[in-house]
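Asks: Sending over a structure as structure tokens; questions will come in a sec.
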Amino acid sequence: MSTLGKRAGVRRRVRAVATAATATALVAVPLTTLATSASAAPVHVDNPYAGAVQYVNPTWAASVNAAAGRQSADPALAAKMRTVAGQPTAVWMDRISAITGNADGNGLKFHLDNAVAQQKAAGVPLVFNLVIYDLPGRDCFALASNGELPATDAGLARYKSEYIDPIADLLDNPEYESIRIAATIEPDSLPNLTTNISEPACQQAAPYYRQGVKYALDKLHAIPNVYNYIDIGHSGWLGWDSNAGPSATLFAEVAKSTTAGFASIDGFVSDVANTTPLEEPLLSDSSLTINNTPIRSSKFYEWNFDFDEIDYTAHMHRLLVAAGFPSSIGMLVDTSRNGWGGPNRPTSITASTDVNAYVDANRVDRRVHRGAWCNPLGAGIGRFPEATPSGYAASHLDAFVWIKPPGESDGASTDIPNDQGKRFDRMCDPTFVSPKLNNQLTGATPNAPLAGQWFEEQFVTLVKNAYPVIGGTTPVEDLVAPTVPTGLTAGTTTATSVPLSWTASTDNVAVTGYDVYRGTTLVGTTAATSYTVTGLTPATAYSFTVRAKDAAGNVSAASAAAAATTQSGTVTDTTAPSVPAGLTAGTTTTTTVPLSWTASTDNAGGSGVAGYEVLRGTTVVGTTTATSYTVTGLTAGTTYSFSVRAKDVAGNTSAASAAVSATTQTGTVVDTTAPSVPTGLTAGTTTTSSVPLTWTASTDNAGGSGVAGYEVFNGTTRVATVTSTSYTVTGLAADTAYSFTVKAKDVAGNVSAASAAVSARTQAATSGGCTVKYSASSWNTGFTGTVEVKNNGTAALNGWTLGFSFADGQKVSQGWSAEWSQSGTAVTAKNAPWNGTLAAGSSVSIGFNGTHNGTNTAPTAFTLNGVACTLG
């Protein structure tokens, strides 16, 4: 913690005599005696967590204990939950009403009063962890935690007068001056301005983030017993140098904009509400290479050097100091959900020469992607809150804290209407394949409620997967490396290989294997005490070392080096490859015969198989490096004999393979076989006059003329002929049932039997029509559009499609609560899976982000299922 963060002087305030019920059961064991008398003015210390306990939220603890009471079938799990209930967590002020209390919980004064009581019972200083979280345009890149205040001047004014000012006034009350209040300032805000500033919503929010954070720092820093910590994201977000460096610069710019400068910030906090591991014990060296490939280049780490939060906090501390912060600035890590224990946690190194397989097998972080942030399956509770944790000197840690209370949701799995400004983020939908995650499922836990609400299903998993295991059953960590291998010797070399052998190492538990290095590059892993390094260059000198490792991932120092020189590469190869086997002829045409065979091998130390010669009789008709070849230019209705020979790089040729005979087809083949029957015929969302159909493609017989198209039938009437596997039948009557089939036909005119029929009913005509309300908020070249659609008809719409067009070339870039598409100027919004039923008289609200070229005229004509709507 920075000495610059200490106040030059402190105010002495008259403290009112207050009584409060004790909360002994909720307070951890005291660490020291209380440093100051009850009447002393607060002293701003270097590390507020040192020698102090932390506040246990009784409201959250009650939820945890209630969950434990529902685990009567698993007493051990219930006991672990009750242990968790006694741990300190932060109190979140996530909207204005949270200050006085709302349906989601008690107000700030309730918690401060309880903190006073807990400190009195503990007899030592107490840290009250508080989260300031209501910026205008909050969480501009995600949707699940969007807030109540818009990113506008009016929103910023409300943030100051209705949110920060009342909080500061309450914290400045003399009744609470003995509490050390650690305020985490606006999670996700400033990091978004580094990585997501290209998003229109973040561009809109950027000036309000800077001004809002500055205002909060100024107001709270003026209170002597408040300690300001700025959120710095986590290693999987800002760990790359291209993100970390600009972020440190941004934090410094914001600090310098405040009245007190760098002194307004007491520290930084990482991994808030995230699940990035504190440590990756089996991947402790991010510079390690596997088969000459750095492990940080794996798909999971994407060239990021920071594999865990210990790496990241040390990295960020260096950059923050370089940006102007004092070297004593402190760091916090939120360990509430980054334990990653349970049955899927790897406990020993799994060897592999493939870098992705090596990383995936040995990382404790079991997410599909480091960007999977919402209620991730498999996560567990991490280290319990702890002041000044030892062993992490480079990270300059003030404490491990639980900023995100375990059991509180990150966001809803489905779209849940609410008055908190929280929207549905598909990253919280376990059925969503996200392009942000390399087109993988999100891995989110299903059935999640809104962000911040109690999510017991996830809490159960967090407790079960805790690491360290709750209750003291975590195995004692092995920190002792094996002895250094001795006696490393190089045997007789070849032009491309060096055999190595050595004397076995010993370990306090057990040696599990050895890593073999060529220079500084890891070239192999083995459980034996010998290894042959291959793929070397002839007549080249090399130096080799070996390291021993154990199941806990401890690795010894390198052995003494062994030098060896490969032989020259002038060995004459006079041995032919093996004879190709398994030569087979495939389906012929009138002029071609496809051939395939099993690969040949060359002699040990040989020059290697270079390719194959294909013979028709005794004539070479082709060469290839593959194990297949199609002979062309043949005569129809003729029998041929083929064989294959293998050649190596030195020019040695094998004997010919066993011959295979094949006869080309005659040139007058008549196709009389129809294509296969179309399958999978499905009707999509209908309108009042149309039914969209799709089906699976048919196939034609081998040697047939090929599928030419499909005939679509309404009952027994053919209504269309198409070449694709979809068609929309139009001109239908409203509220009418229809039956459709499809037949396939080939070029020769053969027609298949009809597919299985599919039934569909057109939508009823919406007597009364529909009403649309459209609004847009524009900035620079971007805008956000909101559309409210009302069904004025007398019947529910089971599936709906809204259509409209832009007049000025606007483009939809991202949408929500509907499936959005655009073709030219025409925009279509089809219902999402969860809001497809639109009852008579009810409305649905959808929206999108878009771009414009300076003119953003609102659409004036909308249709709902093909019926024109009126503008509201």
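Cβ atoms are placed via backbone N, Cα and C, with glycine included.
These came from Swiss-Prot, pasted as-is:
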- 1-40: signal peptide (SIGNAL)
- C140-C202: disulfide bond (DISULFID)
- D188: active site, proton donor (ACT_SITE)
- C374-C428: disulfide bond (DISULFID)
- D410: active site, nucleophile (ACT_SITE)
- 484-569: domain 'Fibronectin type-III 1' (DOMAIN)
- 579-667: domain 'Fibronectin type-III 2' (DOMAIN)
- 677-765: domain 'Fibronectin type-III 3' (DOMAIN)
- 763-872: domain 'CBM2' (DOMAIN)
- C770-C869: disulfide bond (DISULFID)
Asks: According to DSSP, does C770 (disulfide bond) sit in a helix, a strand, or coil?
Replies: strand
Asks: What is the three-state DSSP composition of the domain 'Fibronectin type-III 3' (677-765), stated as helix, strand and coil residue counts?
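Replies: Looking at the domain 'Fibronectin type-III 3' (677-765) with DSSP, the answer is 0 helix, 44 strand, 45 coil.
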Asks: Compared by Cα position, which of the disulfide-bonded residues C140, C202, C428, C770, C869 is the closest one to the residue listed as 'active site, proton donor'?
Replies: C140
Asks: For C202 (disulfide bond) and the residue listed as 'active site, nucleophile', determine the Cα separation and express it in whole Å.
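Replies: One finds 20 Å between the Cα atoms of these residues.
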Asks: Expressed to the nearest Å, what is the distance separating C869 (disulfide bond) and C374 (disulfide bond) at their Cα atoms?
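Replies: Cα to Cα, C869 (disulfide bond) and C374 (disulfide bond) are separated by 38 Å.
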Asks: Using a Cβ-Cβ cut-off under 8 angstroms and a sequence gap of six or more, which residues of the chain neighbour C140 (disulfide bond)?
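Replies: Residues satisfying the criterion: A151, N192, N196, E199, A201, C202, Q204, A205.
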Asks: Can you grab the distance from C374 (disulfide bond) over to C770 (disulfide bond)? Cα atoms, rounded to a whole Å.
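Replies: The separation of the Cα atoms works out to 36 Å.
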Asks: Cα of C770 (disulfide bond) to Cα of D410 (active site, nucleophile): how many Å, rounded?
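Replies: With distance taken Cα to Cα, D410 (active site, nucleophile) is 36 Å from C770 (disulfide bond).
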Asks: Would you pick out, from the active-site residues D188, D410, the residue whose Cβ has the largest number of other Cβ atoms within 10 Å?
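Replies: Of the active-site residues D188, D410, the most buried by Cβ count within 10 Å is D410.
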Asks: Sort the residues of the domain 'Fibronectin type-III 1' (484-569) into helix, strand and coil with DSSP and give the three counts.
Replies: 0 helix, 44 strand, 42 coil
Asks: Here the disulfide-bonded residues are C374, C428, C869; which one has the lowest number of other Cβ atoms no more than 10 Å from its Cβ?
Replies: C869
Asks: So what's the mean pLDDT when you look at the domain 'Fibronectin type-III 3' (677-765)?
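Replies: On average, pLDDT over the domain 'Fibronectin type-III 3' (677-765) sits at 91.
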Asks: Could you count the residues of the domain 'Fibronectin type-III 2' (579-667) that DSSP puts in helix, in strand and in coil?
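Replies: Looking at the domain 'Fibronectin type-III 2' (579-667) with DSSP, the answer is 0 helix, 44 strand, 45 coil.
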Asks: Report the member of C202, C770 (the disulfide-bonded residues) whose C-beta atom has the most other C-beta atoms within 10 angstroms.
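Replies: Within the set of disulfide-bonded residues, the most crowded position is C770.
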Asks: Would you identify the secondary structure of C202 (disulfide bond) according to DSSP, in three states?
Replies: helix
Asks: Tell me, by DSSP, whether the residue listed as 'active site, proton donor' is helix, strand or coil?
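Replies: Note: the residue listed as 'active site, proton donor' is coil by DSSP, not helix or strand.
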